[in-house]
Each structure stands twice: as structure tokens, then as C-alpha cells.
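What Swiss-Prot lists as region 'DNA-binding' is 1-276, and the listing cites similarity to another entry. Residues or ranges marked as domain 'PV NS1-Nuc' by Swiss-Prot on the basis of sequence analysis: 21-259. The divalent metal cation binding site annotation in Swiss-Prot covers Glu119, His127, His129. If you look up Swiss-Prot, you'll see 210-214 marked as motif 'RCR-3', on the strength of sequence analysis. Annotated active site, for nuclease activity per Swiss-Prot: Tyr210, in sequence order. What Swiss-Prot lists as domain 'SF3 helicase' is 373-528. Look at Swiss-Prot and you will find Gly399, Pro400, Ala401, Ser402, Thr403, Gly404, Lys405, Ser406 tagged as ATP binding site. The region 'Transactivation' feature in Swiss-Prot is assigned to 543-672; the stated evidence is similarity to another entry. Taken from Swiss-Prot, the feature region 'Disordered' covers 614-643.
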Amino acid sequence: MAGNAYSDEVLGTTNWLKEKSNQEVFSFVFKTEDVQLNGKDIGWNNYKKELQEDELKSLQRGAETTWDQSEDMEWESTVDEMTKKQVFIYDSLVKKCLFEVLSTKNIAPADVTWFVQHEWGKDQGWHCHVLIGGKDFSQAQGKWWRRQLNVYWSRWLVTACNVQLTPAERIKLREIAEDSEWVTLLTYKHKQTKKDYTKCVLFGNMIAYYFLTKKKISTSPPRDGGYFLSSDSGWKTNFLKEGERHLVSKLYTDDMRPETVETTVTTAQETKRGRIQTKKEVSIKTTLKELVHKRVTSPEDWMMMQPDSYIEMMAQPGGENLLKNTLEICTLTLARTKTAFDLILEKAETSKLTNFSLPDTRTCKIFAFHGWNYVKVCHAICCVLNRQGGKRNTVLFHGPASTGKSIIAQAIAQAVGNVGCYNAANVNFPFNDCTNKNLIWVEEAGNFGQQVNQFKAICSGQTIRIDQKGKGSKQIEPTPVIMTTNENITVVRIGCEERPEHTQPIRDRMLNIHLTHTLPGDFGLVDKNEWPMICAWLVKNGYQSTMASYCAKWGKVPDWSENWAEPKVPTPINSLGSARSPFTTPKSTPLSQNYAITPLASDLEDLALEPWSTPNTPVAGTAETQNTGEAGSKACQDGQLSPTWSEIEEDLRACFGAEPLKRDFSEPLNLD
């Protein structure tokens, strides 16, 4: 844009509006209405009484000057003098109202940005737009400003009314002006509360895009809509002619247009919301994201992991309900977006998988005590936790006491985190704690009795509605169940009567893990990191937590009578430089086999051993001899090197003893 192509007034106004482009201001409209009092008609042009105050006279002369300076000399205006005078009086009264409110707030006029424009509308007639704002203005003050301006506006209108009115009629006119809200404020209606709230506008944008684009009124009475005159706190638009105003609007629009148009994607939820979010809402949403990210599922976890946000919400009015509802949204989000298997797997430390030994875990040791294929059992459990078990949605650990049922179930529940517990003591609402959970834990289950149908629905992964204490019914989505018991839960008794028709349906819903081996007293608990590492090991080795993967690995889906011992797992050992694998063929030493090795004479000749020295090695069969033999074999295995002759001699002596060797070597060899 060439600097000499436009006048200084145009460029100055454009730059001034650009400086104020992001300033938020109130938007008011001053107006009048036709009133009839005792047969006396009062219209918009009946407020032309001579003003007595010096300040009002000065403001009126300023309006007259603005009109004269902003007229275009190329064409002659036909607006009559009475209409002009009425607009001048209105301009002085509007500014008088603004200055009086500023005075009550102790705000200096120099600290305020304002714009006034008198217009004529086809339907509304005369009205005056006012934009006002500053550093001492806030959105919450908008309605207070409207009430104060309405009071002053009605008072000064009564003073300027040139219709002969009695004192009672003047009071009535003022009441009508105040009650009818002859000063209005730009507001928006909240969709939820259905209340009106102040809507601030951007000062520069509103003037350039809306007010400066209008045409000037040139006829009397006005036939079309347009503006009479305008003024502002910076004395920028006061004396601009109509063409210059349109030019300022064009320059401002061109300068404020972004060079590159950024494409923004608005979600359906944002479009539906279509409102301004409060700081409280933003704070709650930020807190909720942090709670979900850190997997906070209980008030205790919140207190420990996010104490600042917990105290902040607790200190608010109704904080207890706010905490409860926020935590409920968090658990609902986890329950709908994650499975129990996902929550366990994300806790695994994958960097430790290299040295992780699956058979050394306490869970696999418990399964190995029963001769089971622990990889197969863990794979089946993970499929159920991943909601891939179909109708078989429950893992049942049952058997005598002290067989490891509860410690495995407890380790799985702790790894999941978002767990609901069945409360058998609460007869009427046993599932009160089981909504919005990733896992339901039933500890020491007994006779289901009257609740058997509800239990079967939950154990099969169906969506059902349950009653809650003090609340309405609530829906339980398909949720895996882990159950421990010492009893035969397939036998259902209602009163004194056994109901055998429930036995098979219950079995069809259970992954049956029957533990019978009593654990030693020093066995200990399952480590909290054990199940995350088990899940990560299964995924790494191709055991995906889906029923398709399970069938591909083990042949069929598990049933109630599943043989967990087949196929067998080879005895695992450590492979040098790698993790222990359950499918590595074990090496053996002579003592690990149940037979004796007798070397042939030709073999001894090939060995070319030196004559036997006095044997100091104990006779084979003693504990010391066995330990020595194992040590020699282990040294050979660990070294992975060719043995020396002395090591071979030492191993032979350790394995067979001195006397058996001499006797075998002295006997003649009979090849027949």
C-alpha cells in the first residue's frame, strides 16, 4: 500500500482501529418509543427542549461541528434542521449518561475507549449505538452498566421533552422508559441455564466491519437505513466523510486478512456446545485428563497422586459431589476405552523382558506344582481379561485352602486397578460397587441363591441393569469376572432345594482352574509386577490375547473339563546369553540319567590316559561324589569349551569311582 495514496486521516483511523482490534468492549443501544399519556403523543422527535446545563450545551455544539465537518460538499443534504437538532440533542444526552456513569465508578474518561454512532432503521427508527470499554471493565459488569445508563437516559429524556406534561405525567414517562429498557445490552443466552449473559465485541472489528460500511442519511424524513453522525474517544471517525469511512473499512479488512488460511476442524461436540466455557469447566476437564492419564480410580489414589487438584475441588461449593462425579467420569472412561488386559500390559517394564524368566514367577510355580502347562493357563486367563473369552467371561479359582487362589486373583486385581468388588453381605445391592469397572472381583464366592440369574448374566459378559442403593438402576457393561471359592458354586440352593438346572450353565461361563496343591508357608505373595511381565512375555512370544490366537496355539477353546497339563512344557533351563525359554531342550549329565556308562577298551586307548594315580575321589554314590560330578559337568557346560584330559579323568572318577573303573578295564572284552 503506497503511503501517498491515502490521506493522513484515513491512514490514522485505520492504524488506530488495528491497535484496538482485539479490545473487548460492551455494546449498548439507546432508543426511544412512541408513548401516549392522557391523549398526548410523544414521539422520537419530541425531545428538542433547549438544554440549560453548560456541559450539555458544549456537547451539543460538538455534535453540530461533527455534522458540518463530515458533510460531503459534492452533494447537498436535504435533512431538515429539526431532525438535525434532535440528533444533536440525543448525542449530547447519550454522552452525558456515559460520563455520569464513569464518574460514579471513578474512571477517568482518558482511560476509556468509546464509539458513538446515531442511526436510522426502517423498522426501529432512530437509535444510537455505543461501544465502550477499558482496563477497568469486566464482562460481569455489563448488566450493571445497562441499569445505570437506563436510569440516566430516562431522566435526561424527561428533562429534554418539549411536550407540556404535568409532574405526574413526567414521572410516568420516566417509569415507562426505565421499565421498557430503552437502553439495551448485547447478550447471549446460555443453552443450559437459559439465562442471558453479557456478550463483548471486538472494538476495531465491530467498527470497521459494521459501522463504517453504512451509508449516510441524506433525506428528511429518512427513507432508508443509515447513519447520521459518529464520534469516538480518539477523534478519528468524527470528521470522516462517507467515502473515507468506506475506504478505512476496506483497508482495515485487507490488512487484517490472514496471509494463509488455516483450516480448523470442529468436532460435532464443539459445534453442539457452541458456547463459551467457564474457567471452572476448563479446570475440571484438565484435571480429568490427568486423572485418566495416571489411571486414578479411587479417592485415595487421587489424594496421593494429585493432591493439589483434590484440595482445589474439595474447597469449592459442593466439592464432595464434584469429586465423586469427576472420579466417576474417570472410571467410566477407563472402563469404556480399555480392557483389564490393556491396563495390566501398560504397567510392564519391557526393558526387563530380556532377563525375565517365566517359570520362576510364583504364578507359574503354582501351576507347575499341578503338572500344568503354565503358558497355556496364563494365555487362557489373558484372553478372558481381554474380553475375548466369549460366553466364558469368568476366571474361577477353586479348591482347598492355601492353594494360591487368592494371591493370584489379588495380583491380577491390583495390576488392573479399576476393580469392583462383589459384596455378599449387602443382600439387596451386592453389585453396588461393580459399575464402570474393568474387572469384577468375587472373593470367597458361596451359594448364589436368589441372585443366580443375575450372576449368570454378569459371568457371561452380558449388559444388564442393576439396582443401586439410594440411586436409580445403572447399567453394567460386559466386564470380566475373577472369582475364588472353596465351595462348589455349580450347586445352587434356594432355600432347602437344590436347583441342578443351573449347574451346566454356570460351568459354561467359567474358566475352570482347580488348585489342589497346598503351598508351603514361606511361599509368599505374588509380586505386583509379575502379571504385567507375564502379559508382556506372552505378547512378545506370539501369544495374543484373542480366542483365535488361543485356538491356533492349543487347538480348541477351553471348557470346564480342560486338561491344562497337555501339551506338556519341556523342563526349562537358562540359555547362555539369552532369556530362559520353556521350550529349550535340557542338557543332562551322566548322574542325571538313571543308567551307568561303561566305556569300551578301544575308547580308553583313544583317550590315551596316563596310568591311574592314587584315587583321592570318594566312591560314587555318596553325596559328596554326586556334588563333585555335577560340578564337573556344570563347569563343562558353562564354559562351552573342549575339556582337558585332566578334566575328563576327573569326571570319570567322579561318576564311576576308582574301583569300578579298574574292574571294568581289567576284564577282557568279549564282542560276541
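Heads up, the Cβ atoms here are built off N, Cα and C, so glycines get one too.
Those residues of the chain, other than Gly399, Pro400, Ala401, Ser402, Thr403, Gly404, Lys405, Ser406, with a C-beta within 8 angstroms of the mean position of the ATP site C-beta atoms are Phe397, Thr484, Asn486, Leu515, Thr518, Leu519. Mean pLDDT for the domain 'SF3 helicase' (373-528) in the predicted structure: 88. Here the motif 'RCR-3' (210-214) is broken down by DSSP into helix, strand and coil counts: 2 helix, 0 strand, 3 coil.
For Thr403 (ATP binding site), the number of other Cβ atoms no farther than 10 Å from its own Cβ, over all displayed protein chains, is 22. Less than 8 angstroms from the CB of Ala401 (ATP binding site) sit Asn486, each of them six or more residues away in the same chain. Once Cβ contacts within 10 Å are tallied over all protein chains shown, the binding-site residues Gly399, Pro400, Gly404 are led by Gly404.
Among the recorded positions Tyr210, Gly399, Pro400, Lys405, Ser406, the residue whose Cα lies closest in space to that of His129 (divalent metal cation binding site) is Tyr210. In the three-state DSSP scheme, Ser402 (ATP binding site) is classed as coil. Nearest neighbour of Gly404 (ATP binding site) by Cα distance, taken over the recorded positions Glu119, His127, Tyr210: Tyr210. The separation of Glu119 (divalent metal cation binding site) from Lys405 (ATP binding site), Cα to Cα, is 84 Å. His127 (divalent metal cation binding site) sits 88 Å from Gly399 (ATP binding site), counting Cα to Cα.
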